[in-house]
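*Asks:* This is the feature table in Swiss-Prot:
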type	residues	note
ACT_SITE	93	active site, proton acceptor
ACT_SITE	351	active site, S-methylcysteine intermediate
BINDING	113, 117, 120	[4Fe-4S] cluster binding site
BINDING	177, 178, 209, 231, 232, 233, 308	S-adenosyl-L-methionine binding site
DISULFID	106-351	disulfide bond
DOMAIN	99-346	domain 'Radical SAM core'
């Protein structure tokens, strides 16, 4: 028996092509797409305006299957984190951050991460595999369902109010994994987020965060430009080589040039640089002045992130006064600078704390133990 096709794996064009293979017209694909994403429906029998014969056919050959939630944690500040089973003993984490005027969903793109940034809990777990498009968009599908938002979002779309009154108004690809290392599946999910037959989010409200894979930044600019955030975290190559090892392949000069090129087509007129504040590592006044020189030709804003500790990280958070002074130097240079409010740290849902459950294929744990052995 053939494995059923998971329809969450398709963007609109892909679903139209798949339906064409069944001898069905494009409008049928769009009907099913709306039921899946705008109504949050995973039961073909409930798709009442779809022909009964097609519903019967779909039940035999297709499914609508998001990841399976295995744990639901709610922080004292209202942040909500789901642990989602993606098979073969792997699980990823998705975080919803409610605020007064918006709700942001933080989505994972990989089971683990191979980039091994020094201060990130996900990287310490190693890497297993890329998530499928269904597993990525399924996080938004599932969060809408669990938050009771699917039908509300559909009503907003019908009323022409695309961004008002939604529970999830913003999506950030800032969960587990490096999104641009899983380019094709991430872009399929992004297209669904943007498409009016699915979620209809504004490009300005969808953000991809990258550690700096330069060729993929250029490709994203050409294929699906959304808001871009760059995990910078260092003001010079020597320090960034240590904190963000991908810098050894794509150093800061190349990364800054890629950011300039991206802005030619970006929905926002600036790049967001994320900068984790590590006590005594990258938080000195000299680092701030190096940053000013580094980004002088890149319209940008800085988001300073107080480090969120995790076991055996080896780092400490910069104190509040040091962060305030660091931000002040950037602000005095005319750079918009914010300090991220830590959310969800009591359920390990804060930035840098997501770990999930990863069956490492990189032997990272073995290599780490070997490096710690007394020789």
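Don't overthink the numbers, they just go from 1 along the chain as shown.
Every residue gets a Cβ built from N, Cα and C, even glycine.
Keep in mind the model is a prediction, meaning the values are calculated, not measured.
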*Asks:* Fewest other Cβ atoms within 10 Å: which of the binding-site residues 113, 117, 120, 232 wins that one? Let me know.
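*Replies:* Output over binding-site residues 113, 117, 120, 232: least Cβ neighbours within 10 Å is 117.
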*Asks:* Measuring CA to CA, name the entry from the binding-site residues 113, 120, 178, 209, 233 that ends up nearest residue 106 (disulfide bond).
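*Replies:* Of the binding-site residues 113, 120, 178, 209, 233, 209 has its Cα closest to that of residue 106 (disulfide bond).
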*Asks:* Cα-Cα separation of residue 232 (S-adenosyl-L-methionine binding site) and residue 117 ([4Fe-4S] cluster binding site), in Å?
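*Replies:* Cα-Cα distance, residue 232 (S-adenosyl-L-methionine binding site) to residue 117 ([4Fe-4S] cluster binding site): 11 Å.
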*Asks:* Expressed to the nearest Å, what is the distance separating residue 308 (S-adenosyl-L-methionine binding site) and residue 120 ([4Fe-4S] cluster binding site) at their Cα atoms?
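*Replies:* About 9 Å separate the Cα atoms of these two residues.
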*Asks:* When the Cα-Cα distance from residue 117 ([4Fe-4S] cluster binding site) is computed for each of the recorded positions 93, 209, 233, which gives the smallest value?
*Replies:* 233
*Asks:* Compared by Cα position, which of the recorded positions 93, 113, 120 is the closest one to residue 177 (S-adenosyl-L-methionine binding site)?
*Replies:* 113
*Asks:* Under a criterion of Cβ-Cβ distance under 8 Å and sequence separation of at least 6, what residues of the same chain contact residue 178 (S-adenosyl-L-methionine binding site)?
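*Replies:* When sequence neighbours closer than 6 are ignored, residue 178 (S-adenosyl-L-methionine binding site) has 109, 110, 113, 114, 115, 210, 211, 213, 246 within Cβ distance under 8 Å.
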*Asks:* What is the separation, in Å, between the Cα atoms of residue 120 ([4Fe-4S] cluster binding site) and residue 231 (S-adenosyl-L-methionine binding site)?
*Replies:* 11
*Asks:* Which state, by DSSP, holds residue 106 (disulfide bond): helix, strand or coil?
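*Replies:* For residue 106 (disulfide bond) - judged by DSSP and reduced to three states - the answer is strand.
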*Asks:* May I ask which residues of the same chain, at least 6 positions away in sequence, place their Cβ under 8 angstroms from the Cβ of residue 233 (S-adenosyl-L-methionine binding site)?
*Replies:* 117, 119, 240, 243, 244, 274, 275, 276, 282
*Asks:* Sorted by position, what residues of the same chain at least six away from residue 231 (S-adenosyl-L-methionine binding site) have a C-beta under 8 A from it?
*Replies:* 117, 209, 210, 211, 212, 244, 274
*Asks:* Would you work out the biggest C-alpha to C-alpha distance among 177, 178, 209, 231, 232, 233, 308, the residues that bind S-adenosyl-L-methionine according to the record, and give it in angstrom as a whole number?
*Replies:* 19
*Asks:* Based on Cβ atoms within 10 Å, give me the single least packed residue among the binding-site residues 209, 308.
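*Replies:* The binding-site residues 209, 308 were compared, and 209 has the fewest Cβ atoms within 10 Å.
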*Asks:* According to DSSP, does residue 117 ([4Fe-4S] cluster binding site) fall in a helix, a strand, or coil?
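*Replies:* Where residue 117 ([4Fe-4S] cluster binding site) sits, the three-state DSSP reduction gives coil.
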